[in-house]
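Everything below concerns the one structure shown next.
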Amino acid sequence: MLVVRRRRIALRLEWRSVVVCTLLAVVLAALAVLALMAGSYELSPGQVVSTLLGGESGIVREIVLHWRLPRVAAALVFGAALGVSGAVFQSLLRNPLADPGVIGFAQGSYTGALIVILVVNGSYTQLAGGALLGGMATAVAVYALAYRHGVQGFRLIVVGIGVSAMLGSVNTWLMLRADLDQAMAAAAWGAGSLNGVSWDQVVGGGACIAVLLLLAALLSRAMRQMELGDDAASSQGVRVSPTRLALVVVGVALTAAVTAASGPIVFVSLVAPQIGRRLARTAGITLAPAAFVGALLCLGADYLAQHVAPTPLPVGIITVMLGGGYLGYLLFTEARRRL
Amino acid sequence: MTTLTRRPVGPGAATAPGPRRRLIGLVAALVLLAALLMLSVMIGSTAIAPSVVWDALFHPSPGLDQYAIRDFRLPRTIVALVVGVALGLSGALIQAITRNPLADAGILGVHAGASFAVTLAVGLLGIRDIQAYQWFAFAGALIVTLMVLTLGSTRQGRSPVVVVLAGVCVTAVLGGAREALQLTNAEAFDAMRSWNAGSVTGRPLEVVWPILPFFAVALVLAFAVSGSLNAMALGDELAVAQGVRLGRTRVLSVIALTLLAGGATAIAGPIAFVGLMVPHVARWIVGPHQSWIFAYSMLLAPSLLLTSDILGRLVLRPGEVPVGIVTAFVGAPVLIALVRRKEASGL
């Protein structure tokens with residue numbers, strides 16, 4: 001345990017977490033350089049690094065800073081946001097399968113986006129707005145329906161399953177009625193893609209995400225205490241109900257910011273906290289490893305989707321397969337070791 | 001995940017009705033099902049009188065109404081009946097063996113396996129005939145369920161939590177692969193978006209007959225293990241003390257439920273929620289008694305499916321909504337109401 005004390009702030013860090021996060025950061029930097037090199041106009045590592053440090057000019061500078069960097073930055077920031085969002089929900093519901101999808105956010109935002117694409121035929125901004133509105137409205141509805149003298153985790157999950165199933169039906173129905181081209185475009189958005197991410201979206205989304213990550217960090221101590229149970233936490237001075245609501249809002253808002261910019265990149269929020277916990281060998285869910293693993297998963301998946309897959313695919317498809325496969329492998333080895 | 005290990009002790013456990021009232025309830029459920037079967041044949045884009053239905057079934061003669069009944073409404077009614085029975089029983093079985101009130105065949109990867117196999121058949125092999133690709137769906141469902149159970153098993157037997165996680169992983173990986181195939185193949189995408197909705201129309205009865213023997217085997221297996229499942233509801237150790245052979249019971253139950261859920265998906269596509277909902281209602285009526293839960297589920301599930309199918313024909317006349325889309329709308333409010341009740345111990 002590493003304890004850093006200043007006058008008002010005490011920072012408690014676990015050594016293994018620090019080492020793991022540092023290593024992940026190094027891997028992330030290497031992967032980012034690799035992603036900036038790859039493409040139809042190949043660059044050398046030296047060119048990439050010197051451009052980032054302010055050197056180079058002309059076409060190389062244009063390619064790195066304006067074509068490739070937004071995408072890489074988006075993958076890093078969005079991935080970290082998704083990882084933290086999942087960690088918050090899994091800690092809150094004390095359930096390894098929880099993520100904002102549990103309270104219907106994913107299905108709701110997809111419904112909102114489908115209505116914009118298929119019914120209104122709206123622009124990209126309207127699409128983002130529709131997705132946000134749909135997701136938020138669903139999350140609020142699920143929370144309200146699960147509310148009965150406070151919100152209990154299990155009830156929230158069941159209500160979320162019910163509402164998600166209904167919205168899933170609506171989505172299937174909308175897809176069935178649309179013509180094929182529109183439906184395929186909608187499905188591509190629904191798979192989650194970083195195509196067409198620009199600096200505007202990265203900066204706008206990134207600013208929101210930075211604020212939210214700070215909030216999550218401030219709440220994380222109370223969050224860890226609440227893992228011990230509501231009674232234990234309130235006896236230690238945590239105000240349970242407002243904290244829980246604040247955590248739900250932060251978790252949903254993180255996913256919402258990502259969804260608005262890139263469509264629902266699923267599974268990162270589900271898997272990243274689990275992988276992070278296993279790498280850092282922490283007792284519960286911790287935020288920092290989840291954020292780094294989320295970023296790594298997103299960036300790696302986007303690299304594979306763009307440059308390794310035979311045709312460029314939406315990044316969400318790769319995150320599902322990578323994350324699912326890795327979680328399966330972890331389960332498999334863990335089950336063997338435990339028994 | 002404490003929720004996964006709750007016992008299926010229904011809210012009515014303390015006041016479970018006696019055998020006589022259970023029997024009366026069963027007869028009532030049977031009458032309800034019969035009435036819905038009749039309604040399903042009568043109601044549609046044009047309403048057909050009962051007498052015409054009777055004539056069409058027993059004194060066939062040419063005529064538009066009789067043609068509509070024999071070639072369209074009767075087959076879809078039979079499909080809904082068969083698929084409903086299979087879904088209800090498979091749902092009751094999986095909730096009994098995992099002791100998880102939220103388990104449904106989808107968790108074991110049945111739907112994911114079936115739709116992946118159908119996408120392969122349609123997208124890569126160019127198969128368009130439902131009678132040909134139903135075998136892909138069936139095989140896909142069986143193989144993937146086996147995979148999930150192998151991945152989820154440990155040396156001490158299967159832990160329900162690990163099985164559920166394994167199901168999520170396999171579903172995710174296959175789902176991603178399926179989506180990748182669909183997004184690069186417009187024809188497969190088009191075929192799959194209607195298959196994925198889950199429907200009981202447009203299937204000739206020749207799709208149903210070859211699956212029936214599998215259902216018969218599963219039915220026998222399910223009732224054969226129902227006594228052991230009752231004992232297992234009390235916990236594995238107590239069940240062993242009562243002479244239940246855990247391994248054998250689990251294997252037989254899994255065979256039965258895979259055949260049922262896989263067969264139903266092969267016929268109608270993925271229909272969610274029926275298998276999840278109905279066993280809860282059955283348990284609520286009869287209390288924790290597996291063979292009664294099975295019997296009630298087998299009658300109530302087709303009733304739910306037929307009701308949804310009839311509603312699907314009525315809400316957008318003259319158009320139709322596939323039954324797989326309606327079931328969630330009928331089932332989800334009931335589920336939410338159940339979980340909001342004060343004593344939601346059955347969930």
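Any Cβ shown, glycine's included, is placed from N, Cα and C.
Unlike curated entries, TrEMBL annotations are predicted automatically.
Now, the feature entries from TrEMBL:
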- B:23-54: transmembrane segment (TRANSMEM)
- B:74-94: transmembrane segment (TRANSMEM)
- B:106-127: transmembrane segment (TRANSMEM)
- B:133-152: transmembrane segment (TRANSMEM)
- B:159-177: transmembrane segment (TRANSMEM)
- B:207-230: transmembrane segment (TRANSMEM)
- B:251-273: transmembrane segment (TRANSMEM)
- B:293-314: transmembrane segment (TRANSMEM)
- B:321-339: transmembrane segment (TRANSMEM)
Seg_contact(the transmembrane segment (B:293-314), the transmembrane segment (B:159-177)) with at least 3 CB pairs under 8 angstroms, min sep 6: no
Segment proximity, the transmembrane segment (B:23-54) to the transmembrane segment (B:251-273), 3 or more C-beta pairs under 8 Å: no
Two-stretch contact, the transmembrane segment (B:207-230) and the transmembrane segment (B:106-127), at least three Cβ pairs under 8 Å: no
Positions whose Cβ lies under 8 angstroms from the transmembrane segment (B:321-339), at least six residues beyond its ends: 80, 194, 197-201, 268-274, 276-277, 280-281, 304-305, 307-309, 311-312, 315, 346-347
